[in-house]
Amino acid sequence: MSAAVACLDYFAAECLVSMSAGAVVHRRPPDPEGAGGAAGSEVGAAPPESALPGPGPPGPASVPPLPQVPAPSPGAGGAAPHLLAASVWADLRGSSGEGSWENSGEAPRASSGFSDPIPCSVQTPCSELAPASGAAAVCAPESSSDAPAVPSAPAAPGAPAASGGFSGGALGAGPAPAADQVPRRRPVTPAAKRHQCPFPGCTKAYYKSSHLKSHQRTHTGERPFSCDWLDCDKKFTRSDELARHYRTHTGEKRFSCPLCPKQFSRSDHLTKHARRHPTYHPDMIEYRGRRRTPRIDPPLTSEVESSASGSGPGPAPSFTTCL
């Protein structure tokens, strides 16, 4: 039984070698007398020359018949995949209908999903094929250690790409991913002063139309905001000017100094006063009705050295000091 398995393996390897070389064509020897029917049923017998396609264009009647593959015996289960692969490749070679690659010594690309077959070692037995991966491995029998290795079939010129998205025989190599196309953002341009003053000789421009309207009142002399306090007939061009004036009547002082208890009715007065403090910082000034947290400056280097030497630090500056 092992001899039969080795014979079938050697026949499959010989078929692959002949197809890769492209110039060797197996022909059945003349049938001896009385052995016509028995020789035709030999395992792996090549089809007769009449079944091979001619040099002319193939027609419906010139299609070669499919090779008859006998059912493998239970003991030869390891050789059946090799015989089946050899028969399928022989069928593809016979049904191509063109003999250009036979004359040039080139073999067509395998259509098993890979561009190059993967040869196996001569010493390593290959009794199992991987149907899931579809890798076409050529394995030599163990008994024939002097059998030459099967060369890989080169790709035929002009042949289409192998199905399955594989290129160059790389396993699992899909099509190259497209470059990441990040949409470009429009560069942020600073807002332009679109609202120009229409009066001749005035080149002022503003970002908002409300600011332009209040500016135009300086040209027209219009003062729509009037004080409604008793015995006060003052008018203003802007609403914030009226609110500032109204505090003079009520005595409200909403701007308080962060360094002393003094308060002021106008923010510019508070800023002018706060600058007199040596520890003043602009972040201490009240901003839009909310006082920011005053920033405490770190102690001076001389004070740190005096505290390290044992002498106590000098008196801390009082926030209630008013200049």
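Counting begins at 1 with the first residue displayed.
Heads up, the Cβ atoms here are built off N, Cα and C, so glycines get one too.
Owing to the predicted nature of the structure, the values given are computational and were not obtained by experimental measurement.
Looking up the ranges 122-141, 142-161, 242-261 in Swiss-Prot, the one annotated as region 'Disordered' turns out to be 142-161. In terms of DSSP secondary structure, the zinc finger (255-282) contains 9 helix, 4 strand, 15 coil. Mean pLDDT across the zinc finger (225-254) comes to 89 in this model. With DSSP classes pooled into helix, strand and coil, the tally for the zinc finger (195-224) is 12 helix, 4 strand, 14 coil.
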